[in-house]
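Peer 1: Here it is, the structure, as C-alpha cells.
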Amino acid sequence: MTDLSDATGRQILFGGDYNPEQWPEEVWADDVRLMQEAGVNSVTLGVFSWAKLEPRPGARDFGWLDRLMDLLHAHSIGVVLATPTASPPPWMGHRHPETLPRDEHGQTVWYGSRQQFCPSSPVYRAYATALTEDLAARYGGHPALRVWHINNEYCTHCWCDGTADHFRRWLTAKYATLDALNEAWGTAFWSQRYDDWSEIIPPRRAQYMKNPGQVLDFKRFTSDALLECYEAERDIVARHTPQIPVTTNFMPFWTGQDAWKWSEREDVVSVDSYPDPADAWGGQYNAMIGDMTRSQARGPWMLMEQAAGPVNWRGVNHPKPRGLNRLWSLQSVARGADAICYFQWRQSRQGAEKFHSGMLSHAGEQGRTYQEIKQLGAELTTLSEAATGTTTPAEIAILHDWESWWADQQDGRISSEVDYPEVVRAWHRALWEAGRTTDFAHPAHDLSAYTMVVIPHLYLLTDTSIDNLLSYVRGGGTLVCGFHTGTADEDDRIRAGGMDARLRELFGITTLQEWWPLDAGTTVDCDGFRATLWSEELTASAEAETVASYKGGELDGLPAVLRNGRAWYVSTLPEPDALRDLLARVADGAGAAPVLPGAPAAVEAVRRGDLLFLLHHGRDTVTVPVPGRHHDLLTGTTVDGSLDLGRFGVAVLREVGP
Amino acid sequence: MTDLSDATGRQILFGGDYNPEQWPEEVWADDVRLMQEAGVNSVTLGVFSWAKLEPRPGARDFGWLDRLMDLLHAHSIGVVLATPTASPPPWMGHRHPETLPRDEHGQTVWYGSRQQFCPSSPVYRAYATALTEDLAARYGGHPALRVWHINNEYCTHCWCDGTADHFRRWLTAKYATLDALNEAWGTAFWSQRYDDWSEIIPPRRAQYMKNPGQVLDFKRFTSDALLECYEAERDIVARHTPQIPVTTNFMPFWTGQDAWKWSEREDVVSVDSYPDPADAWGGQYNAMIGDMTRSQARGPWMLMEQAAGPVNWRGVNHPKPRGLNRLWSLQSVARGADAICYFQWRQSRQGAEKFHSGMLSHAGEQGRTYQEIKQLGAELTTLSEAATGTTTPAEIAILHDWESWWADQQDGRISSEVDYPEVVRAWHRALWEAGRTTDFAHPAHDLSAYTMVVIPHLYLLTDTSIDNLLSYVRGGGTLVCGFHTGTADEDDRIRAGGMDARLRELFGITTLQEWWPLDAGTTVDCDGFRATLWSEELTASAEAETVASYKGGELDGLPAVLRNGRAWYVSTLPEPDALRDLLARVADGAGAAPVLPGAPAAVEAVRRGDLLFLLHHGRDTVTVPVPGRHHDLLTGTTVDGSLDLGRFGVAVLREVGP
Amino acid sequence: MTDLSDATGRQILFGGDYNPEQWPEEVWADDVRLMQEAGVNSVTLGVFSWAKLEPRPGARDFGWLDRLMDLLHAHSIGVVLATPTASPPPWMGHRHPETLPRDEHGQTVWYGSRQQFCPSSPVYRAYATALTEDLAARYGGHPALRVWHINNEYCTHCWCDGTADHFRRWLTAKYATLDALNEAWGTAFWSQRYDDWSEIIPPRRAQYMKNPGQVLDFKRFTSDALLECYEAERDIVARHTPQIPVTTNFMPFWTGQDAWKWSEREDVVSVDSYPDPADAWGGQYNAMIGDMTRSQARGPWMLMEQAAGPVNWRGVNHPKPRGLNRLWSLQSVARGADAICYFQWRQSRQGAEKFHSGMLSHAGEQGRTYQEIKQLGAELTTLSEAATGTTTPAEIAILHDWESWWADQQDGRISSEVDYPEVVRAWHRALWEAGRTTDFAHPAHDLSAYTMVVIPHLYLLTDTSIDNLLSYVRGGGTLVCGFHTGTADEDDRIRAGGMDARLRELFGITTLQEWWPLDAGTTVDCDGFRATLWSEELTASAEAETVASYKGGELDGLPAVLRNGRAWYVSTLPEPDALRDLLARVADGAGAAPVLPGAPAAVEAVRRGDLLFLLHHGRDTVTVPVPGRHHDLLTGTTVDGSLDLGRFGVAVLREVGP
C-alpha cells in the first residue's frame, strides 16, 4: 500500500501540467528557472503526449522525455507521470476506425480533438497498455517519479456495435438470465421484452422515451468500462513500481464516473476544480469539491488541476481577480489537499486551450498571474510541515450517490427543473454558510461517526442503504432528509406508496399523495419562509410534528417540514437563508456546533489538524473574533482575541496558549 | 354498421388501459375488486403486448390473455381489445433492421422505446396483420369483447429508401404523369424539376428551405401510409366481428393525421385528451378537444385516454388538484363523450411512464386519486341512462383543416410566430367564453345547418371549399374569417392577389397590399382594442363597412375589421376579451344566443340531449341563475331559479316544469 | 479588361432576377410591358435554370431561353446571364450521390432545396463547366447580353471523403512538409500530430473543441475551393466574350468567402443586401454593405439583389413601409452603386420563396410595391448621367479581414458574446452617425490615402499587416484600434504578451495582464461613458495618455482608452453615443470633417462625384441647412441655403454657384 504521503514527503506538492513538447527546448531552461523561483516542486508530464511518444504504430520516441525527466530531477522538481491514453494519435483513428466512438445517433466521433476512443475497443486497449508497459519499464526507476497519473478526465461514451457486445457481456455477468434482465428493466412495458441476448443494444436514439432500466445500466456499464481501462493501466504501473502511488484525475461532481467506486481503486484521489470566478458562490463550490474529494480519499487528496486565471470553455471566461487564486488554493489546503496543482504551467500559444490560463500566462514573468503564483508558492512552503498528512474533521455528512443521480435525471421524470447537483449544492451551501464543515458519504457507508447526516435528495435508495439509515437513527443519529427520496429501488422500480414504507414510518408520513413540482421562477409559501422547486402533498402520522406547513395554494395547511424524533423530512427546497437556518437549528439541537461561532458571514473557518484556517471571501476588511491566543503561520504574528482580514484575506492559526 | 352504442348499452364506459402483464398475477384479483368498487366497466387490454403475445417470430402466447378476458368477463367488465402493433418487439428491429424508421437526417430510430416501425415496411405490415388475424380469430367471439382498438396514437414517420419507393407509388397514383407532379410542386423554382420518377425522395435534410409542395404531399402521404396500416388491421377484425365497433385513438389536435379523413374509416372516434392542470385555460382546451372529436364522430365519442393525475412528458408535470379530474370528465360527457377512460388503470412501477398517474396511483387504494375515481364512477352511473346516445347541439362551426395547417407551417413562411393550433384555440376560447357551444367542420363540409361559421385562419382553401363558403353566405349564413385565409390553392400555389378574388369580393377587399406580421410580444392598436400576431395592409371596397381601423403605425386608418353584409373579415388577432366581444356581437346579430345567458364567467353551460350541464372552472362559490325549475341528477335535489356551485362544482339539470 | 461601365453605358442598371420559367409564356408579354413602364433595363436570367437547360445528363434545351433573350432585346432590356450551377438538378444527386455534400456529422445533404453540391466534386465540376461552355458559346454574341453572373451566393460546405482528398492537396501546396503543417497547427497539443498526409481530414464532429489551425485552414480551403469553381466558369465565359464583364453575387458580410480575395477575380463586384425593414438601424446596415462592396470594387458596384418588400427567411418578415425601398435604393447609388437590382421581378407563386417579395408583388400592377418601383425607375433615369462612373470619396477606412474573423470566432474563445460583424457594425455606425463616409480596407492594403484608419477588432494580424499599420502611423496617419487586436499571428498562434509587442509599443501598453470579457447585458463604467462586451487589464507606458479610465470594479483606475500620439487604443466597446463622440473627436483632430456639418441626426449626407445626396431616415419633416445654392436633380428645383425633407425624403443636389 502506498498513498499520497509517499509522494509529498511532508511538502505540499505545488505545480501543474507541463507540456514542454509544445515549445522549443530552449524554453525549457527558462521554465525550470521560473519554476524554482515560484517554489514549484512537482509537474505533470505526458498527459497528451501519445503522438509524440508513439509517432506511428509501435514506434517509440522517449528521448525528449528522458531529457525532461533528468532536467526536472536536476532541479529537484518531482514528476507526476501520465499515461497519455486520453488522446490517441490520428493514426489510430485513421487505421482503426472502429476505435472511434459512435454517439447515440450513430455518428462517428472523429479525431482532431481529444478523447476519441471507444472504451470497449480491444484495439485501443491493446495500444494503450503496450505503451503504458513501456513507460512504466522505462521510468519506473527514475528518481524524479512521484505519482502515476493514468489517462485524464475519463469521459468518453460510445454506442457502437463493439460497445453493444461489451454491454451484453456486462449484463450477462450481472443478471445471468434474460428473465432477470427483463424483470429488472421492466420490459413488460411498451413491449420491450428481450428474447435473446443478441437483441440487446445500448440505448440509442429512439422515437420517444427510453427504458429507464436500460439507461441506468448503461450508465453503470460505461463507468465500469472506463474503470476497466483505468485498472488495466494501473495494474501495469503498480507491478513495476509498487511504491509509487497511482491516481486518475476526476472531473468535479461529474456524472460519468461513480467516484465512490473509482476512488477505492486509487492510491491517491485527485480532482480538477474550476469554480467560476464570476460566481458569487464560487468559494462554496470549491469547498464542496474539496469536501467531496477528501471524503472519497478518506484523507489528504490532490488538487490535480485548477486555473491560475480564466478557463476557456465557458461562454464568457472571467479572469481571477487579484488574490482569488491564493484564497481558493489555501481553502483547498484547509479542506485536506496536500497537492495544489494547475492546468497548466505555461499557457499554450496554440491549440484549443490557448486562452486557458497558465501559472505563467501570456503576460509572462512580469504578469500579475505569475507574481501571485510566486507568493502562493512561498506560503505553501511555510504551511507544508504543519498541514500535510493531517485531517479535516467534520461532524456532518451529506449523502450523495451516482446511481441515484443516474436513475433520477432521465427523460419522463416529474420535473426537468430539478438539477441534482444543484440540489446537493444548495444543501452544502446551507451548511457552509452555517459554519459547519461537512463530509460526503454514500448512503451505504458507515455513518455512525457523524453527529448529523443530511440527504439533499436521493431518489433511488437500495434496501441496504435504507437499513443503514434506519440503524443510524436508531443508534442516536440525527437525519435530515430532502424531498423525493427513497422513491425507487436499485432497479429504478417505484416502491409501493411512492416512498419506501419504512422511511415513511421513520419520518411520520402516512400517505404520500402527490409530488407537486414547481415551475421555474415560482415559489411556495411556508410558515416563516419561501421555498422553490418542489412540494409534496403529504399526510402525517399522529406522532409526527409539523415543523412548518404550506400556506396558500392547493397544499394550504399540509406539512412542508416534518419531524419525528431525530428524523426530519423537508418536502421542498427552502430558499437559501431558510435552509441555512433550518439546518443550523437541527445541528444545534444535535450538538454539531459551528467551527468558529461568531465569525463574520463572509469568513469561512475550517480546522485541519491543529490549524484553524480563516478564509475571507469578501473584499471589505472584517474583524474576526478568535477566542484565545494564536500564532498566524502566514504572517508570523500573534493573534490575541481577534484579527482583521482584508480583501480575500487568509490566516492560518495555531493555538499558542494564553 | 356498428357504432359506439353497440359497446355502451346505455352505460357510459368507464375505465382505462389495463397492463396486467406488468404485474404478478396475484395482483389481478386486487385489480378487479378495486375496479368493481369504482364502477369500472371497461378496460383496454393489449396495447403494448406484442412481445408478450409473440415472444419470437411467429410464436404465440395467448394463455395469459385468455385468463384475463375470462377474469374480466366474470366480473362484468368489458374489454376494449387492442392490436399491439404500435410497438414491435426488439426481435423485429434486430432481425429486420429495415423495419426501423430513418429520420430525415438518415439516422436510424432504434428499438428500446415504442413506435419504432416504418409504416411503409412490408415486413412490419406482414407481422402486424398476421398477429391481428390470430387475435381476431381467438377473441372475436369472447363475451367480454366490446370494442377493437387498432394500434395506438399512430405517429411514426420515416424517410428511408423503402418509404421513398412507397411515396413514389403514392405520387404516381395521385399525379399519373411527372409533368403534373412538376407543375403541382412548382419545380421550375430552384432547378428542382424531376426527370424520372426514380429521382423522387422524401424531403430529407437539405441545405436550405425545402420544396413546399413536396413537403405538403409527404405529410399527406405519411398520414395515408399510416391509414393503410390502420385499415389493413381494421379490415381483419371487421371481417371476424362485423358487430364489434373499431377505433384507433387520436392524439388531440395532432399534426400527423388528417383526422377528418381517418374518422370516416372508424366506427367509433376516440381521442386522448391531456390538458395541463397548471394551464388556467385547461378546461377550455378540454372543451375544444371534445368539440373537435364530437364533430369528427358526428355523435357520441370515446375519451380513450386522460390522466387521473399528472402526466410525465411535460417539463414540469403538475398533479390534478382535488375535483379537477371529475370536472373535466363530466365536461367531456357534456360535450358528447359516452366513454370516460384513462391511461391507465394501475400506475406502472417501471418503464418510461412510471410517473404518469393511474386511476390507482402509487398512493394506492387510500390515495386521494382512487377515492376521487370512485366518486366519479358512481356519478357516471347516475348519468348514463340520460346522457348516452344523445346529442350536444351547436349553432356555430369553427373551420379547421389539416391540409391548410401542413401547407402553412413550413419553413420560409411569413411569420414563425403564427402557431396554427394556438390561433384556432384563441377563436374557440373566444366563443367558449362567450357561452356558445361550437362544432368543428372541414371547409368543404355542408355548413347549411349552422347559424354562424368562423374561420380562425385557413391559409390553404381549395376551389371546392371556397365555393362552399360562398354558397353558405349566399344561403343566409354569417361568416367570420380570420387573417391570411384563402391565400393558397390545394397545391400551395399562391392565388392571384395573395387571396382568392372571390373571397376578397365577399369581404369587400379590393387590394391586399402586404401582410404585416407582428413580432413576439408586440401589439397593434385598433379602434377600441389591441391585437397581436398579425395585421394586414388592405384597401376596402365602397360597399364594405370598416368595423375597426388600425390606429398609429404604418397602417394608421386602414381597416382592421371589415364587414360586408353577413361576411366579416378580421385581419389581425384581437386580444382575448376583444375577440370574445366581437364574436359575441356577431353571434347576437346572427341569432346564435349563449347557452345560458347570465351565467357567471367561470361557469360553462352545455346542453346535451335534454340535460343542461353547469361546470364551474373556479374555486370560489358562485351563484348561477337558471330560469325555471330543474332536477339535478347528481344531487337529486330540485333547483328553482338558481343554484350555487362551489370549487370545481358540477350540476346536471333536467327541466321539470314550473 | 472590362468593367461595369461596359454594361451600364451611363444608365444605371435597374431590374432584377427574372424567372419566367415559373410562368406560362403568355405572362411574358405582360412582364416586358410592365418592365418598360417601370424603366427596367436589365434582368438576370437563368440563375436556377439548370434542370430546364439540361433536363437530363448531357441534354440541352435552349429554345425557351432563345425566345426570352430575343424578347428582352426587342424591348431594349439587357440581360445579366447566369450560369445555373448553384442548384444541380435532382438527376445529379440521384445518379452521382458523391456530388451531394456531407456535413460535419457525416450526414448527406440531399437535393430538394438548392446548393446541394460538394465544391470539390470532379463530377459536379465537369457538368457545371460543360454547361457553361455551351451557354457561353450560344449567347456570347447575343446583343442582349450585358454581364455574366456566375453561380449564385456561393455558400455550400462539405466534409466528405472527396473533400478530404482535396483539402490534403490544398494543404500540401501550402505547407509542402508535414512538419510545417504540424508546426502551424500546433498539433503537439492534445496529441494531434499527423504522421502521414493520409491521416488528415476536415474538422469533423469531435468530442470536444477542435484544432483551431485545422479549422482556420479549412475555412480558407473552403473559400478557395468555391473560388476554383467560380474561376473555372469565369475562364470559360471570359474566353468567349472578353468584352463582357463577369461577376458573382456576394452575400453581404458573409463568413464563407474571403471577399477581398474573390473581388480581385471579378470584373464587377456585386452584392445582395437585405437590411431588415424592422431594424431601426437598417439604413446604416445598408450603408455599411455599400461601403464594403464599393471598397472591394474600387469603384462603381452592382446591387444585384435587394427586396422590394419583405423577405421570407427571417422569423418574422416585415414589409417595407412606403418610401423605404426608394430611400435605400438611392442610398446605394449615393454609396457608389451603378446597378439597382432586385430578387426578383415577379413574385413566385410556388416554391420556397413564394413569400419573398418581387418588384411586381402578389398584389400586382395596382399594388403599392409596383407603383413605388415605377417612381424609382423614373428617378434613376434622371440621375444616371450624373451619377454613373463617379466616385464616393472617403477619408476614413475601417479595417476588416475574413481570416481574423475565422480565427476569432471559434469554440474555446474568450467570450462567445463577441460577434465580430456586430463589433464592426458598431464602429461603422459610430462613424455613420458622426457624418463621415467610410471605406473598408484589408489591414495589408495601402492605407496612405486615408486621413484616419480604425480597427474595430482584428484578433489575427500578420506581420505584414502590422508593418503596414506601423508605417501608416509613421507616415502621419491617425489610427484608432479596438480591443483584442493583434493577438494572433497568421497561424492563430498567440503572440508573446497576448498582443504583438510593436503594437503595444505603438499604443503605449507595457503589459496586457488579462482580457476581462463582460457578460451579456452588463456594462462597465468609464470616465464619462459606459461600455459593454469587453474590457482589459492594461498597464500603460509613461508616454501614453490615459484618455479615459475604468471606474469601479476590478479595473478601477486602469486605462480604458489610451492615446500615444496619433495612435489610439480602445480596450472596450463604448456604448453607441460614446463611440460616436470619441471617433468624431479623433476625426476632428485628424482633419476628417463631416460631409455636411450641421445636418440633422436622421439625415445622411454623402457625396458622389459632384453630387450631394441627402437621405432622410426618419418620418418627421426636417430642415437641412445646405450652404450655397444647389440644383435638386429629383425635383428640378433650386435649393438656397436649406431644404425640407419629409418622411424618407431624398434630395440629390449639385452646386450651381451663388
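In case you wondered, yes, glycine gets a Cβ from its N, Cα and C as well.
Copied straight from TrEMBL:
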- C:E153: active site, proton donor (ACT_SITE)
- C:E305: active site, nucleophile (ACT_SITE)
- C:R114, C:N152, C:W313: substrate binding site (BINDING)
- C:17-382: domain 'Glycoside hydrolase family 42 N-terminal' (DOMAIN)
- C:394-589: domain 'Beta-galactosidase trimerisation' (DOMAIN)
- C:603-655: domain 'Beta-galactosidase C-terminal' (DOMAIN)
Peer 1: Reported in the order helix, strand, coil, what are the DSSP residue counts of the domain 'Beta-galactosidase C-terminal' (C:603-655)?
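Peer 2: Across the domain 'Beta-galactosidase C-terminal' (C:603-655), the residues distribute as 0 helix, 37 strand, 16 coil.
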Peer 1: Which recorded positions (C:R114, C:N152, C:E153, C:W313) come close to chain B, taking a Cβ gap under 8 Å as close?
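Peer 2: Sorted by position along the sequence, the hits are C:R114, C:W313.
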Peer 1: Measure the Cβ-based neighbour count of C:R114 (substrate binding site), defined as the other Cβ atoms within 10 Å of its Cβ.
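Peer 2: 27, counting other Cβ atoms within 10 Å of C:R114 (substrate binding site).
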Peer 1: On a count of neighbouring CB atoms within 10 A, which of the active-site residues C:E153, C:E305 is highest?
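Peer 2: Checking each of C:E153, C:E305, the winner is C:E305.
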Peer 1: Going along the chain, which residues six or more apart from C:W313 (substrate binding site) have their CB under 8 A from its CB?
Peer 2: C:H356
Peer 1: Could you state the whole-number distance in Å separating the C-alpha atoms of C:E305 (active site, nucleophile) and the residue listed as 'active site, proton donor'?
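Peer 2: Just about 11 Å between their Cα atoms.
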Peer 1: Kindly assign C:E305 (active site, nucleophile) to one of the three DSSP-derived states: helix, strand or coil.
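Peer 2: It is in a strand.
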Peer 1: According to DSSP, does C:N152 (substrate binding site) sit in a helix, a strand, or coil?
Peer 2: coil
Peer 1: Under 8 Å Cβ to Cβ from C:N152 (substrate binding site), same chain, six or more residues apart: give me those in sequence order, or none if nothing qualifies.
Peer 2: C:V47, C:F48, C:A82, C:A86, C:S87, C:T248, C:N249
Peer 1: With the substrate site defined by the record as C:R114, C:N152, C:W313, how many Å span the farthest pair of C-alpha atoms?
Peer 2: 17
Peer 1: Between the residue listed as 'active site, proton donor' and C:R114 (substrate binding site), what is the CA-CA distance rounded to a whole number of Å?
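Peer 2: That separation, Cα to Cα, works out to 11 Å.
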